[in-house]
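Worksheet for the structure shown next.
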Amino acid sequence: LGCYRSKTRTWIWSVVYLCFYGFMVQLKPGEPFITPYLLSTEKNFTSEQVTNEINPVLTYSYMVVLVPVFLLTDYLRYKPVLILQSLSHVSIWLFLLLGASLLEMQFMEFFYGITMAARVAYSSYIFSLVPATVYQRVASYSRTSVLMGVFTSSVLGQICVSLGGVSYRMLSAVSLGFVTFGLFLSFFLPWPKRSLFFNQARLEEERKEAAQSELAKMKPEENDGSVAAQGSNHKYPSWTNTVFVQMLKELKNVVKVPSLRLWSLWWVFNSTGYYLVLFYVHILWNKVYPATDNKHVYNGAVEAASTLLGAVTSFAAGYVKIRWNLWSELVIGLITAVQAGLLLLMGITDNIWVFLCILFLNNSFCVFLLSFQIASSLTKELCALVFGVNTFLGTVLKTIITIIVADKRGLALNVQSQFFVYFFYFTLLTVVYLGCSAFIITCHYRNQRAQEETTEVAIATELSPMTTAASEGTTAHNGTSIKT
């Protein structure tokens, strides 16, 4: 009992520290103002440079480092990747604070891509610290700490800019101080003994060796031979039997499940559009409302409101009951159609308040769909692998679109033209989703009608002998016709 209480206290304090770390590393009050900073007189980059030469590097960096970071996160058991993420955060703000050339800003975006890829380390780290019975609860704690960190950071940044008159450079220095403290915290994170894929077998081997050692100490004379025999027969598991390889083999079964297939396709295609909009919306915002005074730049307030609205939307989605196997394509198609319309309005409006309302609605719809636990039937290992594969495919698609649309070696469209491209992209997705929905709903009701007709025929067949018998009995009773 004492050992159990000790282990419980250990993982509780580990979760508390991890949540505190998750909150602190989000304190970057200058982050909502990076684009205004680059476009301001302090940095003096043009809108074309930011749109076609600086921002695309983030997408390319994310694609290149995503798979190595995903694998190293599990193989190295999280902590080294979280330290790498904190080092990248420090690098970002050093480049923003001290850099002045286009190349230095591109390096800043490269390190930003590393921090995005390393987010998987924090989100999956929690599962290696706690028993399976409390996974859902502690995952909500860690997610809440991140959201609270983003909200607090955005509010703090807006207060500094609007009320304190703090310059973007000073705000970058404050952010550098916070992320440096986050780097310091990362060195004291507990180092788990297990992870989702690569370290399960290693942990089991250590447990077996410990058990054999204790047995040998208790009865050395009796167990010398047996332990030696077990040691000689000891075989490390083949790499083909590892959890990771087994999960790769199970991936082919995921595509056979309609709900999981739809969830994967939605994540690949819709998340691509969502992140493209997210990466370039601040540039369009500056075009719609080119504020000359920093006090009238409200990026932090909008970021804080979006985070709060996203949390409320995510909570509300838990109370919405949808018959997902029938109406999923229709729901996704209708929401995607609304998003397409919002992107069209975003590209043509010159009213900042209309623009911000559209931005809030677009973010809310994405969070709303993401909040449905479509993949809840999967194990946490397979769910993590499916999520990783979907994210990689989405990143590849995002990279292709960026090269064609945004990069200076492609079409190098201005930001307003890009949003018209995103409008057509979401319109195409809408047509596909609604077409699939019409087909699925038609097949469903056709099969339902066929089953009802089959049931009616079966019932009529069962009742027919009883009706005949009753008719014969009545005839005999009346004496008008008696069969012999």
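Every residue, even glycine, has its Cβ placed from backbone N, Cα and C.
Note: TrEMBL annotation is automatic and uncurated.
Sequence annotations record features per position, and here TrEMBL assigns transmembrane segment to 12-29 (among others). Away from its own ends, the transmembrane segment (12-29) comes close to residues 82, 85-86, 89, 93, 122, 125-126, 129-130, 138, 141-142, 144-146, 148-150, 152-154, 156-157, 160, 171, 174-175, 178-179, 181-182, 185-186, 188-190, 300 of its chain (Cβ-Cβ under 8 Å, at least six residues beyond either end).
TrEMBL lists 57-76 (among others) with the feature transmembrane segment.
The annotation transmembrane segment is assigned in TrEMBL to 83-104 (among others). Residues 25, 28, 30, 34, 37, 43, 45, 49, 53-54, 69, 111-112, 114-115, 118-119, 121-122, 169, 172-173, 175-176, 179-180, 182-183, 185-187 of the same chain sit 6 or more residues outside the transmembrane segment (83-104) yet have a Cβ under 8 Å from a Cβ within it.
The annotation transmembrane segment is assigned in TrEMBL to 110-134 (among others).
Long-range contacts of the transmembrane segment (146-164) within its own chain (CB-CB distance under 8 A, at least 6 residues past either end) are made by residues 22-33, 122, 170-171, 174, 294-301, 303-304, 307-308, 310-311. The annotation transmembrane segment is assigned in TrEMBL to 146-164 (among others).
Marked as transmembrane segment by TrEMBL: 170-189 (among others). Residues 17-18, 20-21, 24-25, 27-31, 33, 37, 78-79, 82-83, 85-87, 89-90, 92-94, 96-97, 125, 157, 160-161 of the same chain lie 6+ residues outside the transmembrane segment (170-189) yet bring a C-beta within less than 8 angstroms of a C-beta in it.
Taken from TrEMBL, the feature transmembrane segment covers 265-285 (among others).
Look at TrEMBL and you will find 297-319 (among others) tagged as transmembrane segment.
Sequence annotations record features per position, and here TrEMBL assigns transmembrane segment to 326-346 (among others). Remote same-chain residues near the transmembrane segment (326-346) are listed as 259, 262, 266, 270, 273, 277, 281, 284, 354-355, 358-359, 361-362, 365-366, 368-369, 374, 419-420, 422-423, 426-427, 429-430, 433-434, 436-437, 440-441, 444 (criterion: CB distance under 8 Å, separation of at least six residues from the stretch ends).
If you look up TrEMBL, you'll see 352-370 (among others) marked as transmembrane segment.
What TrEMBL records for 382-406 (among others) is transmembrane segment.
As annotated by TrEMBL, transmembrane segment applies to 418-441 (among others).
In this chain, the transmembrane segment (265-285) lies in contact with the transmembrane segment (418-441); the count of Cβ pairs under 8 Å, excluding pairs fewer than 6 apart in sequence, is at least 3. The stretch in 110-134, 265-285, 352-370, 382-406 that contributes the largest number of Cβ pairs under 8 Å to the transmembrane segment (57-76) is 110-134.
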